[in-house]
Structure formats: C-alpha cells, structure tokens
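J.: As listed in Swiss-Prot for this protein:
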BINDING   D19, D140  Ca(2+) binding site
Amino acid sequence: MDSDDNRTLSYEVVDHESDIGVIVYGKTYEELFSNAVYAMADLIVDVSRLKENRKMHEVITGKTPEDIMVNLLSRVLFYLDTYYILYYRITSKYSDGELDAYFYGSEIPEGIEYRNVIKAVTYSDLAVKPEEGYAKIIFDL
C-alpha cells in the first residue's frame, strides 16, 4: 500500500525527561513511518520554511517495525548531519522487514533557526502500533 501524500500529517510532542518525544498517528505502517519522518523534521526546523529540492530512494530494513522506525529516522539524521539535507516527506511501501521509501526534502538554508538538535533516535518507550493508530518515538537531544 502506498502512503498518501494528501493526508493530514498528525503528531503531538510529548515531554520525556531531558529528551523529546512524539506520538504520531496513522492506520498503516506507511502512515506511521511517514508521519514520524515529518514530525522529527518539524522538531528540528520549521518545515514550512523549506523548499523541496531533493529526492532519493532507499530501502530500509529491520527485524521488526520498531527497528525499521529507528533505522529510518536515523538515516534522515545521517543525511542532515553529513550533507545538510533534511528529508521531511516520504512515500513508501512496507512489507515484512523492509520499507521501500522515496524521500523528499531540502538543503538546509544558511541562517535557518533550529528548533531542536536531535542527536539520536532511541528505543526508549518506542512503540509502532498501526492497529491502535499510533507510534511513539523518543529522541535524544
């Protein structure tokens, strides 16, 4: 199943000790993964100020949906830290242990204000539950 670009992206920020977390909503793995990418990017910068000018394709693997979530978001952080490109939108297909994803994003403009500097995605309190309509992710600041 393809994720739908026209859906309403929904997430809420949750406090977690000295870290920051999000709860993202969706009815499928694809929606949860997509909303998690957007939520993390929006925690980093105001995504509405970015102009989409980058696209890439990657297959993200993992033994569990939780592994895929951590690997996916860690990959987004890698591109931000290494190439100053923030991917904030994906379209994807998920099947057992594999997420085939197209990433869309932007080079980070000079002088843009960072909302948060996320160091890592954690397994702390991690949950990926499309059958219950949500995923919870905690980020190390």
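Even glycines carry a Cβ here, placed using N, Cα and C.
Please go over these features one by one and say how buried each is and what sits next to it.
T.: Neighbour list (D140 (Ca(2+) binding site), Cβ cut-off 8 Å, at least 6 residues apart, same chain): D19, I118, K119, A120, V121, T122.
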J.: Counting every protein chain present, what is the number of Cβ atoms, excluding its own, within 10 Å of the Cβ of D19 (Ca(2+) binding site)?
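T.: I get 17 for this one.
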J.: Under DSSP, is D19 (Ca(2+) binding site) helix, strand or coil?
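T.: For D19 (Ca(2+) binding site) - judged by DSSP and reduced to three states - the answer is strand.
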